[in-house]
Every structure is written in structure tokens, then in C-alpha cells.
Amino acid sequence: MGLGACLLGLLALCVVGRCSYSPEPDQQRTLPPGWVSLGRVDPEEELSLTFALRQQNLERLSKLVQAVSDPGSPRYGKYLTLEDVAELVRPSPLTLRTVQKWLLAAGARNCHSVITQDFLTCWMSVRQAELLLSGSEFHRYVGGPAETHVVRSLRPYQLPKALASHVDFVGGLHRFPPTSSLRQRPEPQVAGTVGLHLGVTPSVIRGRYNLTAQDVGSGTTNNSQACAQFLEQYFHDSDLAEFMHLFGRHESQEPFLQWLLLLSNESALPPVHTASYGDDEDSLSSAYIQRVNTEFMKAAARGLTLLFASGDSGAGCWSTSGRHQFRPSFPASSPYVTTVGGTSFKNPFRVTSEVVDYISGGGFSNVFPRPSYQEEAVAKFLSSSPQLPPSSYFNASGRAYPDVAALSDGYWVVSNRVPIPWVSGTSASTPVFGGILSLINEHRILNGRPPLGFLNPRLYQQHGAGLFDVTRGCHESCLNEEVQGQGFCSGPGWDPVTGWGTPNFPALLKTLINP
């Protein structure tokens, strides 16, 4: 009997529950707020599913990432190529052969993979998908600000046990597109008009973070940046032209304008339709979280600097059986990304010192243990902070975030050619910090140095040198008698609200230019 016929036989047995397993037993399958079901999908309608194939050599990959990211290592900056990474993690020939034959025997078609061959996306009818993934039931849902339509199954699915060592999970079933966390705030009220600004623009960012007129990109083709987005929102040339007309500089290499665009055509992350970034850790399966974290490791091995917003829910909060806890956000809690928190001006109309933006996310992961690179800094915070929340609210031994911060409050944006003031969120602070790192990479490349790559080990070794320390303010959390809406508070050095602080470009450049 051939492998395809054998797998079909296994599938038939699994349909009656005799040899199946659940790849994501801990995945939440509740309908997110704001989404409604439009009913079952026509059985003959086509959909695509993405199969995450088991990778190889992950422990070796982790060690390589540590070596190329540690300034004290002889391998520092000697990054792997995409082909090197592919050769390292590519699924075994047995995995590739087994999964492909199983899918083809079940009627899957138009399958395509990625360079690393660890994701396989195939098209099939809903009827075939429900037979292939025992227990699934596909409905059409609509929700979100843009009334987005998606096809999903909220029921648990099962796979043949014969695939347990070959398939980590199937994407395109449970996770819904996230909604934007950017919010427009009321315009602050303040007396007087001398020396004031009327909202955050590139010139305000430059003034606060000490960039001169000469601090622009050179146009070298060896330095690139991109903003991966998962909200199905895209920039329009007309909006960019209007923004440049209102707030832009004459230089064509303004890093902040480039980073504030939502560029969807380049990403080092998994296929977009498998992703729902910005979720709470507890709403995602452990298989999904670990796999996405591996994708970040692959990017770090190649010398890519990945930044992610810390979120806009403060410490977050959830309650179960009368017990309150903070809710860590993924992938902000991943140890392989540099997470960016948010700040506000102490005086909202003046380019002054910064304080915590109360919405800035931060805290401690319940999934990832504390990485060695931040052990000293986090231990010092926990032992010296005068106002920690109750220990039952957070996992003190988990990965702590954010790592850095930047202004997240009071931005001007342009949408449909209409200027909109006082837009806020860490989705604004993150590209600002990214633009500054891109300028530093520009200097490094022009001086014959490799790009910074995964920044965190170096950032913590240098104890936040080159950053403005933000020491005032707390972020929001649970509204109860124990914490009364207050999460963690900032203080000297690293803290889980603003990390090491916000960029001081000349000092940060001096700190990071060599080696």
C-alpha cells in the first residue's frame, strides 16, 4: 500500500476519533468582541490553509543567535544568510514527503512553500478542509472598523497521530485579524502660547531626540527598513504627499516618514494570514507562540532588528475565579524582539522631558522565562522599586518588557488627505525608534560595520547608554481595590514601562557605532 493510501486510511480512522491528536489544545476559540457570524460557509467555497511544518536544529539556531548578537563573541555581527537559515531549519525529507502526500491525497491543490520550506500553504474546498481537519466547522465572520470578512472555525480541530512529529499547527482557522490600537485623544488644554508646539510631527521628534538637519539617510542601497502590518491598512500616495506638504522636510531620506508608512510588501515574519499579532499570551496556543518566536530567532540570525509595540493597554488585566492578573501581550513579550513602550511630554505643548504614557504596555511574560541578557537589570528593578504591584499579579521570573520607549502621544497623521491631530499609541513610538536605529545602521554600514541585528544583548550590556531615562509615571491596569488602576511605575534605570528610556540620537550613535 502506498503512503498516500495509507494516510487516507489513517484520516478515515481519525474522523471517528480513533487515532487523532490536537495540535493546539490550549488555543482559545472565542469570538473576539465586535465580530459576528454570518453563518456556515458554502461547502464548495475555496479557502487557503497554512501548515506549519516541524523545523530542525532549533537549539543550534538559538546558540547561533546568541553568538552573532553578543558584542563579546568572536562571531558578533557575522550573520547567516537566508539560505544558511533555510539549510539549518528546513524540515526533514520525511516530514516534507509525509505532509505533501497527505495533503495531495486529501485533494489539496495549488500548494506553495517558502524558502525555508517550513510553511506550506494550500487551497481546498471547505468540504475538503472539514474532512482534513476533523472537528472543524467553517463560518463566515464580519467585524472590525473596516467590516472585514473572514472565514474561520471556532471549533477544535484534530490531525492524524501519524502527523504529530511533522505538523506544529494549522493557520487560518482560529485567529482573527487584530484591530488598530491607535486612538485619538482630546486636545490638551493649556494657557499661554509662547514656545509651544501643536502636536508631534517629524520636526518635534527631531528636536526632542537631538537630530540635526544633516541626520538623514544617504540613500545607500545596503540599508533598508520595512514596517510589517497585519491590519489590512495601507498608505496612499496622496496621503503621503499631503503629509509631506504639511509637515515634511525637503530631504527625501526622512527616516521617520518612511517608517510611519504601513508597508505590507516585505516581512521577515510568517505568512500574514496565519498571524494575529498583538494578542494576549493567554489567548494563543503555546504551539503558535513558540513557532512565531522561532521566526523571530530566524530573523535575528540574519542580522535583522525586529521591533514591536508594547501595546496600548497598560499592564492589561484579566480576572478568573475572583483572581486578578496582568495580561502580557504577544509578541511584545518575545525575548527575540526589541519592544518599544510609549511616553508623553511632561507638558503636552512643549518639547520638554518625557513621562510615562499611561497606555504604554509592559510587564512580565507568563510563557517565556527571563533571558540571561536582562537578568541583572530586571533583578535590580524588582529589588529596588518602591511600589510594585502584588506578586500574584505578574510572573516575576518571566521575560520583562519593554526594552526601550519613544513618544507615543499627540501625533499628527493624514488619512484620506485629512490631517488628524492627537493620535496616540505605541504603534507610533515603535517606528520612530526604528527610524533612529536605521540611521545608526546607515553610519555603521558606511564605516564598514555590519548592521546592529538583534539589539537586546548589547542594549542591556551597555545599561541603556545613549538613552534618556524616563523616571516619572505609571501605566494603567486593573480597576480594583488592590491596585486601583495602577500597574508598574517607571524609575531610574530599566523598568517595565519605558525600558531603558527614549533615544538621544548623538549619544546613542556614539554608543552603537562600534564595534
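Using the three backbone atoms N, Cα and C, a Cβ is placed for every residue, glycine included.
According to TrEMBL, the feature signal peptide maps to 1-21.
Per TrEMBL, domain 'Peptidase S53' is recorded for 145-515.
What TrEMBL records for Asp469, Val470, Gly493, Asp495 is Ca(2+) binding site. Take the CB of Gly493 (Ca(2+) binding site) and look out to 10 A: across all protein chains shown you find 16 other CB atoms.
For the binding-site residues Asp469, Asp495, the largest tally of other C-beta atoms within 10 A is found at Asp495. Model confidence over the domain 'Peptidase S53' (145-515) stands at 84, taken as the mean pLDDT rounded to a whole number. Other residues of the chain with a Cβ within 8 Å of the Cβ centroid of Asp469, Val470, Gly493, Asp495, the Ca(2+) site, are Gly464, Thr471, Ser490, Gly491, Pro492, Trp494, Thr498, Gly499, Trp500, Gly501.
When Cβ atoms from all protein chains are considered, those within 10 Å of Val470 (Ca(2+) binding site) total 27, not counting its own.
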